[in-house]
Amino acid sequence: LCLNSHCLPCLQPSCFGYPISIFFIVINEFCERFSYYGMRAVLVLYFKYFLHWDDNLSTAIYHTFVALCYLTPILGALIADSWLGKFKTIVSLSIVYTIGQAIMSISSINDLTDSNRDGTPDHIAVHVVLSVVGLILIALGTGGIKPCVAAFGGDQFNDDQEKQRTRFFSIFYLSINAGSLISTIITPILRGQECGIHSKQRCYPLAFGVPAALMAVALIVFIIGSRMYKKVRPQGNIMVEVSKCIGFAIKNRFRHRSKEFPKREHWLDWASEKYDKQLIAQTKMVLKVLFLYIPLPMFWALFDQQGSRWTLQATTMDGNFGALQIQPDQMQTVNPILIIVMVPVVDAVIYPLIKKCGINFTPLRKITVGMFLASLAFVAAALVQVQIDKTLPVFPAAGQAQIKVINLGSANATVQFQPGLKNVTVEPNEAVNYMIFKTSELNSVSVMFGNQAANPGMDLIDGKRQALAVKNVGTNIVAEWLHDNITSKPEEGNNLIRFINNMDQPINVSMGDTHFETLPSLSASNYEAFSRGSKNIAANTATLSCKVSSKTFGFGSAYTIIINGCSGNLLNTAYVEDIPPNTVHMAWQIPQYFILTCAEVVFSVTGLEFSYSQAPSNMKSVLQAGWLLTVAIGNIIVLIVAGASKLSEQWAEYVLFAALLLVVCFIFAVMAYFYTYTDPNEVEAQFDEDEKKQAKKEKDLEKEVETVSRM
């Protein structure tokens with residue numbers, strides 16, 4: 001049954017006992033979380049592949065952004081409680097948020113500065129500046145409204161609607177996970193599309209544009225419900241009062257540091273000259289919990305690397321799941337999917353079983369287990385990385401050259417690297433793998449086909465890969481140096497393909513929609529990037545036109561395709577593998593995601609529950625701010641550890657983070673052992689009782705004075 005405010009002006013519009021206003025708030029939260037997590041899902045790949053930052057810089061800027069998102073809630077809470085109120089704060093900062101998302105979308109438009117239309121931005125600094133401005137505005141927006149939206153939703157209920165309020169928070173949390181899950185599926189798909197005015201590129205403008213549009217929708221929906229909201233006036237921020245109380249206590253203690261002043265039971269008792277005992281007692285309880293928070297940032301340092309290091313790890317893996325092709329940034333969806341499954345399973349099955357076994361699984365023990373599991377997840381990530389590293393190509397260092405020999409001839413070729421460094425024999429249409437030589441030691445190369453021999457000139461480039469293509473033509477030997485210009489694995493799981501014309505006339509080659517330059521006989525094209533799958537190859541000469549379907553390419557490979565001729569209309573080709581495809585499947589990341597999600601369930605959910613149970617009724621916002629601050633500090637720790645470790649191997653960095661968390665886990669376990677649980681309600685009830693007794697005494701005293709005065 002829905003009630004309208006025209007019928008009952010004394011009531012808020014309601015539906016089935018719920019204020020209609022909360023539906024606008026839930027929709028707003030879903031759209032906002034879609035916007036935030038959708039943008040964040042593709043962010044680190046945008047840094048790496050569009051702005052062309054390396055893995056370390058991409059990771060550093062990503063975690064700086066996340067840290068800023070969790071520092072700004074304190075600012076948002078202060079603005080809402082002390083100045084604008086929750087409604088105006090949400091609207092104002094949502095406008096800032098929407099502008100930031102729009103700027104991010106604009107910053108990723110390749111054609112914005114691509115004046116020569118070569119597919120590469122001519123002024124990358126413009127894109128960097130726009131991106132930084134956009135991210136700062138987004139951090140101010142998402143962080144600023146974070147502490148306001150849920151609290152504003154709670155304000156819509158009356159005191160007799162406790163059941164409805166509890167259910168609202170469950171629906172509110174569900175909308176957060178739904179927005180996160182759907183966006184981390186959709187935005188990587190949008191990113192994987194190709195778009196552009198002058199040149200086709202990965203569609204980051206769409207991947208950022210859709211979250212921007214959803215944020216605009218969130219803002220509009222929230223404003224539409226304006227007249228239905230119950231808007232509580234700013235009452236002043238308790239965090240300010242707590243800070244003032246702590247500051248005064250420290251200041252007063254410093255003033256009375258002389259031994260002539262008697263010691264007090266607790267250093268906060270030095271605030272008793274100015275602040276009442278109840279506020280001091282509540283502040284003591286809060287500081288007691290905040291002290292336990294000190295080790296917690298290390299957990300978030302590992303947890304938030306799902307969006308950075310783990311996503312970058314996925315770019316070097318095979319995302320073929322049969323009918324589904326998973327993008328590296330889509331692997332993050334494993335976490336929200338598992339959260340939706342694991343939370344009810346842990347609450348309804350795991351915890352009751354532990355209780356039946358007679359184990360007292362206290363909140364602090366749960367948090368300790370969560371930290372241990374997160375450490376274990378990074379050990380699993382390290383093991384996966386070790387397997388990936390085995391499949392990664394090795395590139396030459398300074399002072400070295402890598403040489404591959406490709407035999408385009410009709411007989412076996414023997415190649416000698418002088419002086420006496422190595423001899424290799426290569427069969428027709430085959431190649432030997434890359435060999436590493438010191439450029440200072442390699443003086444010459446000789447090529448032999450049977451009794452024929454030739455000494456091609458040296459054309460080596462220090463620190464680069466090269467291929468030596470050899471062919472016997474009648475009584476002559478032809479040898480050509482081909483420079484590969486590949487310095488790393490192909491980006492974004494693409495495949496790099498080039499062609500060698502092994503025919504006796506020039507040819508025009510195309511593969512899919514890509515047209516290569518005209519290739520003279522015994523020459524090679526440049527590499528071009530292609531997505532996974534099979535492509536149509538077409539070759540045309542002055543007299544012939546041939547086609548063939550390529551082999552099925554995987555993820556992250558590089559091939560040289562030799563065009564040998566035509567049989568009828570069928571193109572005769574041979575394949576030389578320059579870089580092997582990714583062979584470690586993305587499914588191997590699922591165990592580390594599963595372990596980390598289990599850690600999140602017992603750590604994050606329990607941590608919030610513990611904090612609320614130990615916080616005074618009017619100081620839960622202080623602990624909420626403290627909890628969010630641990631997330632921010634955790635992301636800052638990633639910057640410090642990753643920057644200071646200087647580890648060249650990624651698996652070693654994973655092990656380092658796992659070891660650090662394990663040490664912190666032990667420290668927290670010791671702190672938890674000595675922690676004494678308190679019931680804030682009992683403490684507050686005792687103060688209320690004391691106040692009543694004091695009031696009764698004062699009243700009795702007034703009566704006695706009045707009686708005496710009458711006498």
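Quick reminder: no glycine exception, Cβ is built from N, Cα and C everywhere.
Your range for transmembrane segment, going by TrEMBL and the list 87-104, 465-482, 591-608, is 87-104. Comparison of 60-80, 87-104, 206-225, 366-386, 622-642 by number of C-beta pairs under 8 angstroms to the transmembrane segment (285-303) places 622-642 first.
Between the transmembrane segment (206-225) and the stretches 87-104, 166-186, 337-354, 622-642, the greatest number of Cβ pairs separated by less than 8 Å involves 87-104. Same-chain neighbours of the transmembrane segment (654-675): 288, 291-292, 295-296, 298-299, 301-302, 305, 309, 364-365, 367-368, 371-372, 374-376, 378-379, 381-382, 385, 641, 645, 647, counting only residues six or more beyond its ends whose CB sits under 8 Å from a CB of the stretch.
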